[in-house]
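See structure below.
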Amino acid sequence: SEEPFTTYFDSKIPIPEDETHSCFSFRKLWAFTGPGFLMSIAYLDPGNIESDLQSGAVAGFKLLWVLLMATVMGLLLQRLAARGGPGGGQGLHLAEVCHRQYQKVPRIILWLMVELAIIGSDMQEVIGSAIAINLLSMGKIPLWGGVLITIADTFVFLFLDKYGLRKLEAFFGFLITIMALTFGYEYITVKPNQEQLLKGLFIPYCQNCGTPQLEQAVGIVGAVIMPHNMYLHSALVKSRQVNRANKKEVREANKYFFIESCIALFVSFIINIFVVTVFAEAFFDKTNADVHEVCANSSSPHSSLFPNNNETLAVDIYKGGAVLGCYFGPAALYIWAIGILAAGQSSTMTGTYSGQFVMEGFLNLRWSRFARVLLTRSIAITPTLFVAIFQDVQHLTGMNDFLNILMSLQLPFALIPVLTFTSLSSVMNDFANGLFWKIGGGAMILLICSINMYFVVDYVRSLDHLGLYIGAALLSVVYLSFVAYLTWLCLIALGVSFLACGKTVSVTR
């Protein structure tokens, strides 16, 4: 069969030959290192950082175990996505397999849903970068100005791969290092209680927790597991030179990609821990009046952000930087902003790659590189720019909640296809999922989607408007019907053959 056209990578990283025939080689691990770290950036985007600091401020150290479990579930799902790249007999990534296996109408609907998820994620990432620029400029650069700067520098950074894929991956590694150093500085400055940290991490219990803490727990799961990241990771692993006809090479590639993903997500988990524990130690159970007084005494220009009342402190990434500056000095604020800028910039770039892979895979486009980048960037940037122009930097929390809901709704449109096609022997050949991964993967996806649906239902109930209830009910019928259709095809792929009713279903062609 004809080699699929390259979507992004002009060349592939060669894998060194075995010298000692050992079961593990650091040289080979280094050759396979790259895709997992680019994938892990989705676990460090501004949406995740905001979820981290809010869970720390609302629940203290009590939800660290939720973050740990969500990261482990994310790792297992990323393993499935990565196996689909080199493991599939055709070497297609997830979007390309969806194009080939699904029929036209479901394929287009699926593509639109995934594009919505990418747009929602991209808005959070670009706004996060713009907020960081606003903080670093002491408010002199407005939100829309930060968005324009982010658009411009993203275009520049996206062409770094012209100088080699390894240099591009090294640049992402540099941005992750900046995040580790900046958020690590905040961690060292605040000195969280280590005993409480370990207790929160390994004891799955939330004492005296109510609805706000439950909402934060659900939000952590929704923020960590991102739908577009499945499509991204399955495409990134194609950048390594693996002979798909050689089962030993494919098995080895899957092993090293999994090891690399473990390392990358461990690093991202540590960075997330830094953020949660800083806000848990310093700002858990604080009121607006407490923070207002400290900010006023330190002559901070941000004291007006916090009204002088006894309501519980509510923070986002903008207010989080301001409150750190009030308590720990201007250095804490600027270092926080640098970390947010690195998080926003890196995740914006990987979001653009996701958009390219998804659009080219689903639609089988063969465009020039510049046209691809321009279109995928414009789709996500246009609504972001409108939000930045008409919304104040201090009042973005409501929009962030809406975007989290939007991405939660799109999650089944990534997780169900991943499980479907990694379970099909016609796609994966000898590397199709076994019984353990079929049952375990299905149960895990059901759990994650149920948690996210709780988040969506809770959000809709909070709107408290009859017209919105009716609209949500009508949309739910259409949405659940399409999810049921994808689930039906998935169950057939998992071996529940009687559901096919004796007919040939498109997913098996």
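The backbone N, Cα and C atoms fix where each Cβ goes, and this holds for glycine too.
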| message | Under TrEMBL, the annotation transmembrane segment belongs to which of these stretches: 141-159, 331-349? | response | 141-159
| query | Same-chain Cβ contacts of the transmembrane segment (141-159) under 8 Å, 6 or more residues past its ends? | reply | 126-127, 129-134, 171, 344-345, 348-349, 352, 373, 377, 381, 384-385, 388-389, 391-393
| note | Sequence-distant contacts of the transmembrane segment (217-236), meaning Cβ under 8 Å and at least 6 residues beyond its ends, amount to 7-8, 34-36, 38-39, 42-43, 45, 47-48, 50-52, 54-55, 59, 63, 66-67, 70-71, 73-74, 77-78, 80-82, 84-85, 93-95, 114, 117-118, 121, 206, 261, 350-351, 353-355, 357-358, 361, 404, 407-408, 410-411, 413-415, 417-418, 448, 451-452, 454-455, 458
| query | Cβ pairs under 8 Å with the transmembrane segment (435-456): which stretch of 56-77, 171-188, 402-423, 468-501 has the most? | reply | 402-423
| query | Which of 56-77, 171-188, 468-501 shares the most C-beta pairs under 8 angstroms with the transmembrane segment (402-423)? | reply | 468-501
| Any residues 6+ beyond the ends of the transmembrane segment (56-77) with a Cβ under 8 Å from its own? | 43, 192-193, 196-197, 199-207, 209, 212-213, 216-217, 220-221, 224-225, 230, 261-262, 265, 268-269, 272-273, 275-281, 283-286, 312-315, 415, 418, 440-441, 444-445, 447-448
